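As given in TrEMBL:
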| type | residues | note |
| --- | --- | --- |
| REGION | 1-103 | region 'Disordered' |
| COMPBIAS | 14-36 | compositional bias 'Low complexity' |
| COMPBIAS | 48-75 | compositional bias 'Low complexity' |
| COMPBIAS | 85-103 | compositional bias 'Low complexity' |
| TRANSMEM | 129-151 | transmembrane segment |
| TRANSMEM | 171-188 | transmembrane segment |
| TRANSMEM | 195-215 | transmembrane segment |
| TRANSMEM | 235-254 | transmembrane segment |
| TRANSMEM | 275-306 | transmembrane segment |
| TRANSMEM | 312-331 | transmembrane segment |
| TRANSMEM | 389-416 | transmembrane segment |
| TRANSMEM | 428-458 | transmembrane segment |
| TRANSMEM | 464-486 | transmembrane segment |
Amino acid sequence: MTADKRRGGGSAGAGVRSSASGRAGQAPRPAGGSRATAQSTAKAGARSTGAAGPAAKPTAKSAAKPTAKSPAKPTAKPRAKSTAKPRVSTAKPAANTAGATPPAVLARPLDGIRRLRNRARRAWDRPLTAYYLVLGGSLLITLLGLVMVFSSSQIEALRDNLPATYYFRKQLLAAAIGTVLLLIASRMPVKLLRALAYPVLAVSIVLLGLVQVPGIGVKVNGSTNWIQLGGSFQLQPSEFAKLALVLWGADLLARKGDRQLLRHWKHLLVPLVPGALLVCALVLLGGDMGTVMILVAILFGLLWIAGAPTRMFITVLSVSAVVGAALIMSAPHRMQRVACLGATEPGPGDACWQALHGIYALASGGWFGSGLGASVEKWGELPEPHTDFIFAITGEELGLAGTLSVLTLFAALGYAGIRVAGRTEDPFVRYAAGGVTCWLMAQVVINLGAVLGLLPIAGVPLPLFSYGGSALLPTMFAVGLLIAFARSDPAARAALAMRQPGVQKTLAGVRGKSMRRRVKRPPSGER
């Protein structure tokens, strides 16, 4: 029995081998065909394949054993399932994504926007951002102001029987002197500024008093705020009083803050508020309401930075509003300016002529303006085209693009001042930077509000842009202070030191030496 079983098993194995070899080497047998036909077909297949026929035998032998042990049915079912599933899975996405944009195409512009945003954020967070914003913004505003003064003042100079470039040359000289003051202020130490705070305030008060002395003070456009220096040069002390109030107030609050006295409202208000009111009263004697508004804005800014309580702040603001309303109602010309808000006609006596033609100049500019020097309103239609209403001429000649560029530069300058005041650890620098920023931004708002017809005309020039040397000199000195404060930041100071040529060469030499030490030199016998 065992021998028969062995023989039977051997014959069965041989049968499986022969069938496997036949499957591997022969073509599929046709239905109803004979052995001869199958053999001839196998021979033809062997001749056509060449060397592939002999190599199929060991493969069939090696594969015969596992196929004999495992049935063929279980292997057929997974094949049927595997072939059916991909067909179903490929058909569904084709139906769902027909006519839709691939996600990769949609993600490309989003990735570009994210990269630009990240780059802008990294550039915005650099320590020298405020430094370059103040320096670049102020210089660009000054240069553009010189161009617009040259364009808007020629007709006014010819009307006064003066050379066409008269006002431009005076403004250019003031800009040159102001640049020197800017450089000096940007290098002045904080100790020197604090030492000069009280003397500068005292000199400003004396000059404001001299304005009211007959024979010394000069009346211009209804306001006695000028001192005749000789020839065609005049000095407006109220412009220097702004700088004096900023320095004195910053030093006063910093000293009281060091002694922990600002927690009490008496030390917070006295003597800051009485001193500011004295300066405002002297300026108001000359009839300059616009400068008084800027001085009050500086005072509010200093109190806000010092941490004045909300109730105190609201109280001071309310009292100032009541006093301002009383001063406006006490002067007929101020009431006329208030009545011109929203006016569509010049009114009796052409009281609203300047306000209306300022709006006409802005409206006629369009997107890109009529061209530099091609203004119509400056030909006698718009009073003061190169001083208080130079922004209107800018809108007429350069259009909306030019006015938005100017506004962007002022916004960058204001942001830089706020950033310097917020990041410094020196209390004097914080108060001084905040005071200068309030001064410049308040002056911008008052001037643009008057040109746009949103505020009464106050006779306030646009800082760094309008004609006027007395306004340009202290403003550029204040900008130099902002530059010095931006450079005093430890991170900005280190970044500036790294950009010096000597430091870069030293660092390069140190890096080279450190790299040479790290490299292992081979022995003298090896190459």
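From the backbone N, Cα and C atoms, a Cβ is placed for every residue, glycine too.
At the 8 Å Cβ threshold, with sequence separation of at least 6, the transmembrane segment (275-306) comes into contact with the transmembrane segment (195-215) through 3 or more pairs. If you look at the transmembrane segment (129-151), the same-chain residues 6 or more away from its ends with a CB under 8 A from one of its CBs are 123, 165, 167-168, 171-172, 175, 178, 182, 372-373, 375, 378, 386, 390, 393-394, 397, 405-406, 409-410, 412-413, 415-417, 419-420, 423, 462-467, 472, 476, 479, 482-483, 486-487, 489, 492, 496. Comparison of 195-215, 389-416, 464-486 by number of C-beta pairs under 8 angstroms to the transmembrane segment (171-188) places 464-486 first. Tertiary neighbourhood of the transmembrane segment (195-215): same-chain residues 224-227, 235, 237-238, 240-241, 243-245, 247-248, 250-252, 275, 278-279, 282-283, 285-286, selected by CB-CB distance under 8 Å and a gap of 6+ residues from either end.
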